[in-house]
Amino acid sequence: MVKESDILVVGGGHAGIEASLIAAKMGARVHLITMLIDTIGLASCNPAIGGLGKGHLTKEVDVLGGAMGIITDNSGLQYRVLNASKGPAVRGTRAQIDMDTYRIFARNLVLNTPNLSVSQEMTESLILENDEVVGVTTNINNTYRAKKVIITTGTFLKGVVHIGEHQNQNGRFGENASNSLALNLRELGFKVDRLKTGTCPRVAGNSIDFEGLEEHFGDTNPPYFSYKTKDFNPTQLSCFITYTNPITHQIIRDNFHRAPLFSGQIEGIGPRYCPSIEDKINRFSEKERHQLFLEPQTIHKSEYYINGLSTSLPLDVQEKVIHSIKGLENALITRYGYAIEYDFIQPTELTHTLETKKIKGLYLAGQINGTTGYEEAAAQGLMAGINAVLALKNQAPFILKRNEAYIGVLIDDLVTKGTNEPYRMFTSRAEYRLLLREDNTLFRLGEHAYRLGLMEQDFYKELKKDQQAIQENLKRLKEYVLTPSKEVLKRLNELDENPINDKVDGISLLARDSFNAEKMRSFFSFLAPLNERVLEQIKIECKYNIYIEKQHENIAKMDSMLKVSIPKDFVFKGIPGLSLEAVEKLEKFRPKSLFEASEISGITPANLDVLHLYIHLRKNS
């Protein structure tokens, strides 16, 4: 049977959900093919969304019309702002989720979205015509034809689950791997490598001894992810903290020879920032203990996820390890930890739209591109879906810059640098992180969302009013001169503020940590009518004024530099500071400008600086 649609999405994980929902929302006829409809939106690993860098991604996905934020706000068990005591640029919203509620909410959203149909089957191969994808075939002999195909297969491509010496061809424990599609992608000439990730054991909640464990609460004023969420007052559950100990470590050391990670059984490279417990014991042998979080998987607290204990050790060793830990002496393991090894395609095979360079109309998103994490997958799925629709409409692609969004940083890192280990987002990856805060996501991306038809007009108008109020009042504060007069000193004293000794502007005064919203309204009467969102932005802009201005200057400098043309006869060979790889790629692609050079995978900002210098020297000579 042959079925037709505009866009096919393969895989119903976090990338596939966003890709299919956004494409349908933008008016395309979308069909989602997934192995099991019941597992759409399943959180395969930890029961949490957000965190440092990841919270930024989730909020960006939300502003651009995505679903992850609203699903999380409707399924969370605990909400916190991480790094709350630090600056706003490095704070991250994180939520523990009820895995069942999240999955069911996501599935129902997908099944009830207009323009979006779903079928339960396995995609086996792509159909190509003249190096352009036109459809797929499935394991039940269905043929689906479409103008665009988005592959979001997660860990299922030639997936192998490892628990001790035991191996099985699974994409997730108990679910079949996608071997035919994996072979098809290799045959098409994509650069395929292997990666490894893992998950932690789960234990029965009624078998844990919580007495004596440190209780970890959610925030009193819980933060939420979606700007559409109203009247947020969720029921919050506690997590609990326990630790490994020298006995735990000795059990693991005694069984290193049985660990797939060390025996040579696993070839794929694992995540640097989420190592297994056996890897931690091996690499950090001097540490006497490692922190573990016991996280409820559902509102019923029937199972707890042991965060920090990712492992692929044999079953009997996992039992001993868990029973050596305080609070878990009599714990009943409901699900064992395991490692999973899988195929991924080097993301340097992609353009910034996430379309493959090799095959027109084929987009890749999520772990197939070498990333790890639900949020990274969701961000890619969203961007692939948007760009597939824009291509259908013959409209310009939607590419976010590194100075606009963490999504821009994520995709630029992937397609220009590639990866040889699971890529995870951190705030440290962004050069302009002071400009890319969670709190200003709406202001950064609202205009894009509205232009794409993904934000309501009335809300956008209010947002623009707020944006205008921020700029006008910052200008007014900069021009507002304060001198240490009796009146000014008296007013500062009444607000329990230190006096000023010299002439200052309003921005300098608001840069003080102690100058909160209440004091802002009291001291500067023109700020009194402003809403909390506007006041928060004014406060942050004042506090980091010098650094924010510097970052804007750097962006302007970079934008100016990227406009520089490269002479047709420019010789790249022999320029000090350019690696052999950079020279080879520049000679091969012959970019016409530094911007085109920046789009070539492997060309770094340092390479661009060197090129800029030598182009300038050549002009002057």
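Here the Cβ of each residue, glycine as well, is placed from N, Cα and C on the backbone.
Database features, via Swiss-Prot:
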type    : residues                     : note
BINDING : G11, G12, G13, H14, A15, G16 : FAD binding site
BINDING : 270-284                      : NAD(+) binding site
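Recorded features from Swiss-Prot, shown on the structure.
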{"residue": "G11", "record": "FAD binding site", "DSSP (3 states)": "coil"}
{"residue": "G16", "record": "FAD binding site", "DSSP (3 states)": "helix"}
{"residue": "C274", "record": "NAD(+) binding site", "DSSP (3 states)": "coil"}
{"residue": "K280", "record": "NAD(+) binding site", "DSSP (3 states)": "helix"}
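Other than the site residues G11, G12, G13, H14, A15, G16, same-chain residues with C-beta atoms no more than 8 angstroms from the centre of those residues' C-beta atoms, the FAD site, are V9, I17, E18, A19, T34, I40, T152, G154, G366, A377, G381. Each of the binding-site residues H14, R272, K280 was scored by other CB atoms within 10 A of its CB, and the lowest score goes to R272. Ranking the binding-site residues G11, G12, G13, G16 by other CB atoms within 10 A of the CB puts G12 at the bottom. Note: the CA-CA distance between R272 (NAD(+) binding site) and H14 (FAD binding site) rounds to 22 Å. A 10 Å cutoff on Cβ-Cβ distances gives C274 (NAD(+) binding site) a total of 20 other Cβ atoms nearby, all chains included. Counted within 10 Å of its Cβ, the other Cβ atoms near S276 (NAD(+) binding site) come to 27, all protein chains included.
The distance from the Cα of H14 (FAD binding site) to the Cα of G270 (NAD(+) binding site) comes to 20 Å. Within the set of binding-site residues (A15, E278, N282, F284), the lowest number of other Cβ atoms found within 10 Å of a Cβ is recorded at F284. Its own atom aside, the Cβ of G270 (NAD(+) binding site) has 21 Cβ atoms within 10 angstroms in the protein chains shown.
Taking the C-alpha positions, the distance from G16 (FAD binding site) to K280 (NAD(+) binding site) comes to 32 Å.
Between the C-alpha atoms of G13 (FAD binding site) and N282 (NAD(+) binding site), the distance comes to 33 Å.
A distance of 34 Å separates the Cα atom of F284 (NAD(+) binding site) from that of A15 (FAD binding site).
Distance from the CA of A15 (FAD binding site) to the CA of K280 (NAD(+) binding site) is 30 Å.
Across the structure, E278 (NAD(+) binding site) and A15 (FAD binding site) place their CA atoms 30 angstrom apart.
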